[in-house]
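Below is one structure, written out as structure tokens; comments come after it.
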Amino acid sequence: MPGQGLPLRVATLLTGLLECLGFAGVLFGWASLVFVFKKEHYFEELCEPDARLMGNATGMEDCKAQDERFSLIFTLASFMNNFMTFPTGFIFDRFKTTVARLIAIFLYTSATLIIAFISAGSAMLLFLAMPMLSVGGILFLMTNLQVGNLFGKHRSTIITLYNGAFDSSSAVFLIIKLLYENGISLRASFLFLSVCSVWHVGRTFLLMPRGHIPYPLPPNYSYGLCSGTGTREKKETAKSKELDLQAKEFLPPKEEIPGPGQLDEPHSFKSSVFSLRFAGHLVWLSVIQLWHYLFIGTLNSLLTNLASGDRALVSSYTNAFAITQFFGMLCAPWNGLLMDRLKQKYQKEARKTGSSASVAALSAAVPSLALTSLLCLGFAICASVPVLPLQYGTFVLQVISRSFLYGGNAAFLTLAFPSEHFGKLFGLVMALSAIVSLLQFPIFMLIKGPLQNDPFYVNVMLVLVTLLTFAHPVLMYLECRKKATAPAATF
């Protein structure tokens, strides 16, 4: 890494981290925002008949219709958060960074302005604003993940760090909730978020590339402030592609850069999509993600039931949940460090045995996949026990599991498939998993309706389904082991 470019790269890294931390994944602080919306009487007209009958002294009666409306908004927004990564992935691959980020800024700013100016009477606009907010946020994340390419051996660590910051950004809605309780209006908070679009625009043109950051990084690569009109960046990008092709042909096995392009699989997008590797990863992501979305989307209702409608207790547990979400940024890098360390270890062993370095790199993802499944299983079991104090443990396991999930997802795709298809594959796997995430609303309706607020049987079923996610790391382990022994058999 040239010394001249180091300050710019560090500035890109830190500002990207701040962007993901402050804006990208705020949707997942939904429980805090729902608390504020209820105090602002959003959709309260749905509760009036029940409220008159119940006369709950706590002032926070369990209103089924209101909870269903908020659950439906979150279901739609979380679905769009994932589903729209497929078309936006194509936009990112085809039209490059600047266009993708300008779209993100437009969507995000429009959403924050809508939320700032709506009231209880126009609360239906949340069905428009929250999906726009989530799509803009995921585009911020997607365009920032490439920053890991600037730092070579620490690529996986930075990718997982950014995903951790994405998770931690859910604490933003906690800050808005606390400000609201101290007299700062919801409108003022969201107008501030809207004004921050100026900062996003400045970062887009000054600290981000016009195109993509290549990997491996060519010598004297420049971008942003140093790229002038962008001509040099284009030349360096073209040169990086040429170097990448040369690397695939001539680099010996001891080079660390083999990357996903040197795997034995065909390099086409279609062959990647229809591989067993992709199918296993899709099931793994979809099941674990469904658990997280269902938990976040129904948390306010869950806490209200467990706290018997005590507003102060619900507020306290909601704050605790949001605070634990902030620590996702600290949890996620451990997954990246684990993958980077194991990759170096396995590639060192591969050099001694003469086996494929790319297979060794892929093997490093297996412990991460297995650990994420184990964490999700623990979180699912805790969430299934209807004991309020135990939810503190659920919050901790949930944030660790979720930070490992998304960081491991992005890192696995960079290791397991050709890098030129990353945007499309990332978008496709998120889009397909989004379809599965739609199940959260009928599950919520099932719990609220026929099961009469008793989620026990649903939770048991979902815990059993979670066991299926362990098949993915097992299959990957067997595949890597088979490929690692193949050269020995050949020679």
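Glycine too: its Cβ is placed from the backbone N, Cα and C atoms.
TrEMBL annotations:
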type	residues	note
TRANSMEM	12-37	transmembrane segment
TRANSMEM	70-92	transmembrane segment
TRANSMEM	99-118	transmembrane segment
TRANSMEM	124-147	transmembrane segment
TRANSMEM	159-180	transmembrane segment
TRANSMEM	278-296	transmembrane segment
TRANSMEM	316-338	transmembrane segment
TRANSMEM	359-387	transmembrane segment
TRANSMEM	399-418	transmembrane segment
TRANSMEM	425-444	transmembrane segment
TRANSMEM	456-478	transmembrane segment
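Among the recorded stretches 70-92, 359-387, 399-418, 456-478, the one sharing the largest number of Cβ pairs closer than 8 Å with the transmembrane segment (99-118) is 70-92. Long-range contacts of the transmembrane segment (12-37) within the same chain, counting only residues at least 6 positions beyond its ends with a Cβ under 8 Å from a Cβ of the stretch, are 43, 70, 74, 77-78, 81, 108, 123, 126, 130, 133-134, 137-138, 140-141, 144, 147, 150-151, 158, 161-162, 165-174, 176-177, 180, 186, 193, 196, 200, 203, 207-208, 224, 296-297, 299-300, 303, 314-315, 318-319, 321-322, 325, 329. Ranking 70-92, 124-147, 316-338, 359-387 by CB pairs under 8 A with the transmembrane segment (278-296) puts 359-387 at the top.
Proximity of the transmembrane segment (316-338) to the transmembrane segment (124-147) is not established, fewer than 3 Cβ-Cβ distances being under 8 Å for residue pairs spaced 6 or more apart. The stretch in closest packing with the transmembrane segment (159-180), judged by the count of Cβ pairs under 8 Å and taken from 70-92, 124-147, 359-387, 399-418, 425-444, is 399-418.
Note on the transmembrane segment (124-147): residues 12-13, 16, 19-20, 23-27, 37, 42, 73-74, 76-82, 84-85, 88-89, 92, 97, 100-101, 103-112, 114-115, 118, 158-159, 162-163, 166, 169, 200, 208-209, 212-213, 410, 423, 426, 430 of its chain, located 6 or more positions outside it, place their CB under 8 angstroms from a CB of the stretch. Taking Cβ pairs closer than 8 Å, the transmembrane segment (70-92) reaches residues 27, 30, 34, 37, 43, 99-100, 103, 126-127, 130-131, 133-135, 137-139, 142-143, 289, 293, 296-298, 300-301, 423-428, 430-431, 433-435, 437-438, 440-441, 444 in its own chain, all 6 or more past its ends. Taking Cβ pairs closer than 8 Å, the transmembrane segment (456-478) reaches residues 276-277, 280-281, 283-284, 287-288, 290-291, 294, 362-363, 365-367, 369-370, 373, 376-377, 380-381, 383-384, 386, 443, 446-447 in its own chain, all 6 or more past its ends. Counting same-chain residues at least six beyond the ends of the transmembrane segment (399-418), those with a Cβ under 8 angstroms from any Cβ of the stretch are 145, 155-156, 159-164, 166-167, 259-261, 263, 265, 267, 272, 277-278, 281, 285, 288-289, 292, 324-325, 327-329, 331-333, 335-336, 339, 343, 361-362, 364-365, 368-369, 371-372, 375-376, 378-379, 425-426, 429.
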